[in-house]
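> According to TrEMBL, the record shows the following:
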{"type": "ACT_SITE", "residues": "GLU339", "note": "active site, proton donor/acceptor"}
{"type": "ACT_SITE", "residues": "GLU742", "note": "active site, proton donor/acceptor"}
{"type": "COMPBIAS", "residues": "196-206", "note": "compositional bias 'Basic and acidic residues'"}
{"type": "DOMAIN", "residues": "72-369", "note": "domain 'Peptidase M14'"}
{"type": "DOMAIN", "residues": "485-772", "note": "domain 'Peptidase M14'"}
{"type": "DOMAIN", "residues": "894-1171", "note": "domain 'Peptidase M14'"}
{"type": "REGION", "residues": "184-206", "note": "region 'Disordered'"}
{"type": "REGION", "residues": "1319-1339", "note": "region 'Disordered'"}
{"type": "TRANSMEM", "residues": "1259-1284", "note": "transmembrane segment"}
Amino acid sequence: MGSLRNRVRTGPRAKIKRVLGSMSGRGEGPPPRGGPLWGLLCVAVLLLLSVCEAKAAAAAEAADAVVETYDRYYHYEELSARLHFLARKYPHVANLSSVGRSVEGRELWVMRITENPGAAAELPGKPKFKYVGNMHGDETVSRQVLVYLAEHLLDRYGEDARVTRLVRTTDIYIMPSMNPDGFERSAEGDCAGRAGGRENARNRDLNRSFPDQFDAIDVPLEDIPEVEAVMRWILEKRFVLSGNLHGGTVVASYPFDDSAGHAPQGQYSRAADDDLFVYLARTYADHNPIMRTGKPNCPEDPSETFEHGITNGARWYDVSGGMQDFNYLKGNCLEITMELSCCKYPKASKLRSEWDNNRESLLAYMEKVHIGVRGYVKDAKNGTALPDALISVEGISHNLTTGQFGDYYRLLLPGTYNITARAQGYVPVTVQGMQVVEGKAIELNFTLTVPGEDGLSNITTPTSNASPNVTAEPEHVPIQPQDFRHHHYSDMELFLLRYSTDYPAIARHYSVGKSVENRELYVMEISDNPGVHEQGEPEFKYVANMHGNEVVGRELLLNLIEYLCRNYGTDPEVTQLVNDTRIHIMPSMNPDGYEMAQEGDVKGYVGRNNSNNIDLNRNFPDRFGSIAEPRQPETIAVMNWIKSHPFVLSANLHGGSLVVNYPYDNNGGSNSTSPDDSVFKMVSLAYSRANPVMHKGHPCEELYPNEYFKEGITNGAQWYSVPGGMQDWNYVNTNCFEVTIELGCVKYPPAKELPVYWEQNRRSLLEFIHQVHRGVKGMVMDSKDGTGIPNATISIKEVNHTVTTSKDGEYWRLLVPKTYTLTASARGYTPVTVYATVLPEGVEKVDFRLTRVRPAVMDPLEEDFHAFIKGLSSERGLDQLVQSIATTKSSSLRYRRYKELSEFLRGLTLNFPNITHLHSLGQSWEVRTIWALEISNKPEESEPDKPKIRFVGGIHGNAPVGTELLLEFAATLCLNYGKNPAITKLINRTRIIILPSINPDGRELAQEKQCTSTEGLTNAHHKDLDTDFFGQYPQPETQAVMGLILQKGFTLSVALDGGSVLVTYPYNKPVQPVENEDTLKYLASVYANNHPKMHQGHAGCPNNQVNYPGGVLRAAEWHSHLGSMKDFSVDFGHCPEITVYTSCCLFPAADQLPTLWAENRKSLFSMLVEVHKGIRGIVKDRSGKPIIGAMIILNRGVKVFTGEGGYFHALLAPGSHSIEALAEGYQQQRQEVDQHHSASSIIIELEMDNHLFGLPREFVVATAAASMTALIITACIIWCVCAAKSDPQKDGFHRLRQHRDDYEEEIRLASMGSKKSLLGHEFQDESESEEETLYANKL
């Protein structure tokens, strides 16, 4: 900005030229008419302008010459002028700029003070320090004190040795006012802040509006431009140390400002650098004469004290969204908050004393930016700087990253430290025993090498006298794989079995389906808790050998499995990856093609496709058009697998070139750049840069000499277009980002070359997994009860691609480092928008709490029960329930024959008469009773508003485990009623019907320890009851159960059988379409997921080694047959039923029953919880009368009917669903509902149908009335006409009366005539024919 003086000197000349030009109309030529008059006028105007500008210049110079008096506040205009004056006066050490604007458009001025601040704008070597004042507009002392500080530093530079040293060695930034709008609204003398001005112009507290580690801060960015600007500034500059100056008391407060529990006060929230923060806070407090006493003696709270004048922020009081925590967690910067005065806006006369109190503290605190360790991280080969390298200190769980020049500044207290430098694609280096001295930063430089390059990573320490024993010790050397050979299918199968057996704590292998030739599509899961998705832990996958003759990926993934398993627990990197990531590895997606391929194949096609000769990487649904080839079983299996896991990142390993290829693979003739192009480049570069050959970009010079990929990566479609590819399908249809990695020029290299491939790719394989921990992650929760919201959408303002939450409300969103605007939205909730800053390392955690839109008023008891169900649905809810219940002794678990079973059931009703009722449904062929035990708090009342669940056992007499589990389940419920609050609540709100044995005759024939015997499978009439439910003449047992099912009203049914360990859902019919498969599969998955073995999908049964993903299968794929109970339940009872196979052995030994009970009890209780979900409600008319028999259509397919009281209840998978209600004589009603962790309760009011024959009732009635009226009128007319023609006498009398006078005259004239002639005359027809008329006229 030019000086005011220069503008004054040059201003008039320019204006004279403009005025003359405007007067003449042209730059040259004769003057206009008027001659001398115009000339005089011009002279007068010019003189006036000169005088005005001279006065302005004089005023500006006078302002510049003002000496600071420390007795007045600067409002915005004065502050701006003062700062500009200082910048002009000291241009060699001062530079004024703005980092942004306030809501009302005021600049957020920052004075930069350092040597040569303009020319050397961003040179390394000086740590950056900042002070920020006036964040709360009415806390004004800081605003003035920071102006005084700037003046002090600038005035004394070159004269005062201390100040000169600070300015020369430090890059100082001073922001006097972060909230200029608030300051203009505040009032001098307002000590308590009652006059306003604390918040910005949008009434937002700026110190509650930063991203928080424990809470989602729900503040629209447009409301806080000041915060947005300061956040950008912090992240861009990478400050080392900072102070945030406030008012209201006298104390130095240090992080953290809030805690996870958000206790209002008293909760010490300790940062990793707590000791350092205490030291820094003491530095400021000890140099302030009031603060160091710890007794500010403020009028608002005279008893308030602070030991040593400092306090932990959260311990003082909890502040969410504070700036100092943001600096520490996101900005590489340590910041404390200084409260400078008891009075927030004291009289200006107090400013001198406030400056005197704080001057020495401000200087002493700034000097602490020069403690600890500083240095550079560079590439060992070429000396280039490594930005964003990670600097970690052992024992302090807080890392920082290097700047754009590879520079870092790590503040530390005096002591001995082990310091590590890490950078992507480089070998980490740790310096042991680094000695940090007091008062001076030790320089410690790192040079890092790329894996495989010659030379050692090393460090340099120019101040080596302070650390004489510094050496670069290599980190732990991991165990490398030894198994380098080509593994055919059987060999690979044994390899996976071996490692899952040898390392069961972290490894589990399972199958997602089968190939065309029935080979399993195996996956090895590696995680610290295999088989379980852990909250917050991202899921990652590698898929290889999609093209059967591209085999390097297959072998590398087997090597990776070996590497991870053998190094877990000893290698820090592997241990961290396995602990923090759920890794899924599929070595071969095309095992059939592999078996056809031949070793030595360089660029051939034999084995590329599957057994149906279909290219699997052209077989996925494509966003631009349909794929002609039928979907292959391998493709279908992988698609189902991907959809069943919340995968975040994936790589598909191929061969034939050496490059990472990222979406889009197909552009459909348009742009091939995806919305997440920068993310795909980031993860692709992470792989290629760690590969010593790939990143050079010349992959196969002998085969393809002209092929070049910059840095070893390429956009797929720009290379060549691939319709129907897997990576695009992942990105477009799921939450998973996938790239395709070409691992080498030769598709099927000799086995002896495999170690070279491993050496080139091992670092890349690990680095790529690390990328899953980038961006943001978190939960989307209901603000009221904290439960996760499934299928919520996370959108990024800056990126046109959304992700959705998992069934538990979790999300992961890969992003490049930057500040983003995130919005979480879900049907039925108000969206929430926050901003988040993604750092170069690690993942940003951002949780959302959404509030329901117009929540329905709910009865408090009902609301409490909903919260109870949600609690049981949480991750640990059922575990806590199971642990809390009292159970029978394990010795009571035994097999009971019919008589003992009957006595046991009667015993329950006798001992627990208030909650049990025993029904006889009928009798078997051999006259044994089919018992049904009801457990409820009102067992003999219908209670249609309660969900009704059915548990059925013993349909096959040779599989009696289910019978015994249900008896134990019934006993557990009864024993805990009234004692265990959760069990009591479940029984009070549920009608539980237990049929322990519906084939008692078959049970009497079966024998213990017969695992495969069919003895007792059928009833006494040799009929398999599970094939008898649709027969014309059903068996008596079947008929008894059918009668119960046809009573309807059941919400869920669970049947227990044996012979495997899995759950099946309808239908058993082989070709029956499943309308609500998502819900049925979900219910089956709930049971399996709560079983310790079942969810793993590998039953391990001797007679069946097949894997079933998730332990869940459609019944027809397990045992296809007609007449099953579950199919009848769905079709005629309108009730979903799942069948649980509880053990491999049909009739295991009795001593196995306690184990089987332990495995299944949590799952059984999960069904009691699940029955309270879905959609429940009442259908009634406008008058409130319940409508019985109304049809409820779910998702335009599944039908349920309202029962007594108009109640209905239907289970649904989590997500959004459509509901239609129909009843005869009423209008159809449709609405959308969202199903989460408890039942969605709705009331449907139907209006009378005002339509007849498809037309409005009023119109039809009016039309009918009009038609009837017209019909009646027409009938009358017709009747009259007909009557007239059939009764001439009546017409004659009528005419006689009309012409009475004429007739009388005629009578007199013919008085002599006979009566007969007279009457004949009277009754003649007076109408004349045309002929008679003509004749008369002629006469």
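The backbone N, Cα and C atoms fix where each Cβ goes, glycine too.
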> Ten-angstrom check, please: count other Cβ atoms within 10 Å of the Cβ of GLU339 (active site, proton donor/acceptor), all chains counted.
26
> Could you state the whole-number distance in Å separating the C-alpha atoms of GLU742 (active site, proton donor/acceptor) and GLU339 (active site, proton donor/acceptor)?
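The Cα atom of GLU742 (active site, proton donor/acceptor) is 59 Å away from the Cα atom of GLU339 (active site, proton donor/acceptor).
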> Would you count the other CB atoms within 10 A of the CB of GLU742 (active site, proton donor/acceptor), including those on all shown protein chains?
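Its Cβ has 26 other Cβ atoms within 10 Å.
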> Using DSSP, how many residues in the region 'Disordered' (184-206) fall into helix, strand and coil?
3 helix, 0 strand, 20 coil
> Mind looking up the mean pLDDT for the domain 'Peptidase M14' (894-1171) in the predicted model?
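When the pLDDT values over the domain 'Peptidase M14' (894-1171) are averaged, the result is 91.
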